[in-house]
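A.B. asks: For reference, the structure I am asking about is given below.
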Amino acid sequence: MRPRKAFLLLLLLGLVQLLAVAGAEGPDEDSSNRENAIEDEEEEEEEDDDEEEDDLEVKEENGVLVLNDANFDNFVADKDTVLLEFYAPWCGHCKQFAPEYEKIANILKDKDPPIPVAKIDATSASVLASRFDVSGYPTIKILKKGQAVDYEGSRTQEEIVAKVREVSQPDWTPPPEVTLVLTKENFDEVVNDADIILVEFYAPWCGHCKKLAPEYEKAAKELSKRSPPIPLAKVDATAETDLAKRFDVSGYPTLKIFRKGRPYDYNGPREKYGIVDYMIEQSGPPSKEILTLKQVQEFLKDGDDVIIIGVFKGESDPAYQQYQDAANNLREDYKFHHTFSTEIAKFLKVSQGQLVVMQPEKFQSKYEPRSHMMDVQGSTQDSAIKDFVLKYALPLVGHRKVSNDAKRYTRRPLVVVYYSVDFSFDYRAATQFWRSKVLEVAKDFPEYTFAIADEEDYAGEVKDLGLSESGEDVNAAILDESGKKFAMEPEEFDSDTLREFVTAFKKGKLKPVIKSQPVPKNNKGPVKVVVGKTFDSIVMDPKKDVLIEFYAPWCGHCKQLEPVYNSLAKKYKGQKGLVIAKMDATANDVPSDRYKVEGFPTIYFAPSGDKKNPVKFEGGDRDLEHLSKFIEEHATKLSRTKEEL
């Protein structure tokens with residue numbers, strides 16, 4: 001027994017020793033793994049540090065320093081003057097400019113003290129691009145003691161070097177702003193004395209105003225060089241509240257043109273060259289003088305638009321001055337003419353002190369007067385002249401074109417007849433043949449506007465009307481005040497068929513044509529999908545509040561809004577009286593002009609019982625908080641309190 005016990009004892013001792021060895025090996029392996037992990041982390045940190053060091057390091061390429069968001073501020077902090085170029089790698093002008101810029105860098109490097117020349121890839125250094133308002137490539141700026149000076153000269157070595165050397169002088173200071181600053185103390189004096197001046201009413205906190213500011217100043221500099229100069233001015237509307245109220249300033253920035261103190265709306269662009277071109281055009285006379293009878297005859301024979309002529313004694317005639325003032329109000333939409341010629345007055349069968357409005361020969365007809373006359377005196381109101389011109393600006397049946405659509409054919413209902421419209425010599429007779437058929441109907445419906453339109457110019461509209469495959473040479477449609485469209489059934493066109501069509505519309509017997517995607521088979525999601533055919537049944541449902549988003553599939557802002565909009569719909573899912581909906585406005589008609597879509601996304605709240613007065617979501621962030629607040633402010637059917645929501 002003793003040997004057996006001894007054997008067992010030895011066996012147990014061996015197992016204990018084996019376990020001890022295994023236990024000793026385990027910790028060594030774990031320790032090794034931990035050490036490896038620590039080493040990997042240290043290597044990653046070193047790599048990150050290397051990348052940060054790479055970003056902070058100012059590299060040089062052919063004498064030009066390379067700056068970015070990370071190293072810019074450190075580099076320029078102690079520099080008096082730095083030349084900067086903001087470029088894009090794909091920009092052709094930047095590539096052409098690169099060799100010249102490298103020469104400039106080498107020249108300025110030799111200056112005592114040397115002036116650093118740097119470039120910034122604005123497509124990757126987005127912070128700097130935004131900070132320095134970079135909107136085009138290449139953009140050149142000179143940094144003087146940390147303040148950016150716009151370079152507006154040519155991209156030549158000589159001119160850039162000269163400007164940099166000028167700015168680098170110790171006594172150089174930026175030139176004062178050319179834009180005049182107006183207050184209630186000097187406003188009337190400055191504005192009343194100017195033949196023409198542009199005034200911006202702004203708010204210091206307004207983002208759009210800040211964006212406009214550099215362009216406005218550049219335009220002011222450019223226009224100050226003209227002879228005579230055209231001044232630009234600005235008014236802080238938050239400080240000068242009386243001036244803002246006096247000129248009905250309700251948003252920022254508001255721009256107005258003043259001519260000897262008389263205000264006119266500014267409807268031009270908001271960037272340097274657009275402002276300059278617009279103001280140069282506006283500074284010219286609103287009416288051009290007609291010197292010869294031949295000019296009038298050419299207007300009548302070859303003209304393509306309404307002819308407006310004022311006949312006066314001379315430039316000192318008070319009636320002429322009043323006519324000029326009225327012309328300024330409409331100069332963007334119509335061409336005004338005047339004459340002091342008695343020969344022309346006799347030809348037009350008018351007297352001095354009269355305004356005549358007439359159509360070129362191709363738009364005249366036996367159903368309407370050849371011309372319309374109005375007496376103009378020094379006391380005649382601008383509005384009276386304006387109303388007269390607008391009343392007779394269109395012929396009984398005019399030519400609707402893409403170029404005049406927005407200015408001439410906005411009145412509804414509009415009856416449009418589509419065919420191959422061509423007033424050139426070879427095709428004029430055919431064009432007038434079909435137009436004469438339209439005239440026979442138009443004379444009996446003075447409350448409607450009639451026009452002919454070339455079917456190719458309006459191919460998209462014809463297709464939306466379902467008429468592109470009609471098989472007929474002539475088609476017709478009616479566009480009404482609410483945005484609805486009505487197509488005439490394809491059949492051989494003549495005056496009788498058009499008359500029947502217009503009469504049926506007048507009696508409300510026509511069904512509108514609505515461009516629409518197919519009605520969704522499954523529309524049970526939190527966000528209801530609206531198409532053209534279901535707009536009335538969903539959005540215009542008088543028993544429900546509806547929040548409707550009009551979107552475009554390609555719109556980036558719409559894509560960003562989608563998850564927020566889905567969350568909003570889920571939040572209010574239990575509200576049976578509220579519908580959260582969306583509609584692809586590029587693939588569906590919006591059959592109501594109350595819901596105007598001028599950009600994407602556009603959001604309206606259509607309250608129950610008042611669908612003709614939807615509320616547009618404007619001004620706030622398109623996030624869950626603001627959209628929820630918008631709903632709760634206008635909802636009529638919420639079953640819970642705001643606190644519960």
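Positions of Cβ are set from backbone N, Cα and C atoms, glycine also.
Feature list, courtesy of Swiss-Prot:
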- 38-58: compositional bias 'Acidic residues' (COMPBIAS)
- Cys91-Cys94: disulfide bond (DISULFID)
- Cys206-Cys209: disulfide bond (DISULFID)
- Cys555-Cys558: disulfide bond (DISULFID)
- 21-169: domain 'Thioredoxin 1' (DOMAIN)
- 158-301: domain 'Thioredoxin 2' (DOMAIN)
- 505-636: domain 'Thioredoxin 3' (DOMAIN)
- Lys366: N6-acetyllysine (MOD_RES)
- 24-58: region 'Disordered' (REGION)
- 91-94: motif 'CXXC' (MOTIF)
- 555-558: motif 'CXXC' (MOTIF)
- 642-645: motif 'Prevents secretion from ER' (MOTIF)
- 1-20: signal peptide (SIGNAL)
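Map these features onto the structure and tell me what's around them.
C.D. replies: For Cys94 (disulfide bond), the number of other Cβ atoms no farther than 10 Å from its own Cβ, over all displayed protein chains, is 20.
Around Cys206 (disulfide bond), a 10 Å sphere centred on its CB holds 16 further CB atoms from the protein chains shown.
Annotation for Cys558 (disulfide bond): same-chain Cβ neighbours under 8 Å, separated by at least 6 residues, are Glu549, Tyr551, Ala552, Phe600, Pro601.
Model confidence over the domain 'Thioredoxin 1' (21-169) is summarised by a mean pLDDT of 83.
The Cβ of Lys366 (N6-acetyllysine) has no same-chain neighbour under 8 Å that is 6 or more residues away in sequence.
The helix, strand and coil residue counts that DSSP assigns across the motif 'CXXC' (91-94) are 3 helix, 0 strand, 1 coil.
When Cβ-Cβ distances below 8 Å are used as the criterion, the motif 'CXXC' (555-558) is approached by residues 549, 600-601, 622 of the same chain, each at least six residues removed from its ends.
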A.B. asks: Can you tell me how far the Cα of Cys555 (disulfide bond) sits from the Cα of Cys91 (disulfide bond), in Å?
C.D. replies: 25
A.B. asks: By DSSP assignment, list the helix, strand and coil residue numbers for the motif 'CXXC' (555-558), in that order.
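C.D. replies: Computed counts for the motif 'CXXC' (555-558) are 3 helix, 0 strand, 1 coil.
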A.B. asks: Looking only at the domain 'Thioredoxin 3' (505-636), what are its DSSP counts of helix, strand and coil residues?
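C.D. replies: Residue counts for the domain 'Thioredoxin 3' (505-636) by secondary structure: 36 helix, 24 strand, 72 coil.
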A.B. asks: Highest Cβ count within 10 Å among the disulfide-bonded residues Cys91, Cys209, Cys555: which residue is it?
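C.D. replies: Answer returned by the neighbour count: Cys209.
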A.B. asks: Using a Cβ cut-off under 8 Å, which residues of the same chain at least 6 positions beyond either end of the motif 'CXXC' (91-94) come close to it?
C.D. replies: 85, 137-138
A.B. asks: Taking helix as H, G and I and strand as E and B in DSSP, count the residues of the domain 'Thioredoxin 2' (158-301) in helix, strand and coil.
C.D. replies: 62 helix, 26 strand, 56 coil
A.B. asks: Taking only the Cα atoms, work out how far Cys94 (disulfide bond) lies from Cys206 (disulfide bond), in Å, as a whole number.
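C.D. replies: Roughly 32 Å, rounded to the nearest whole number.
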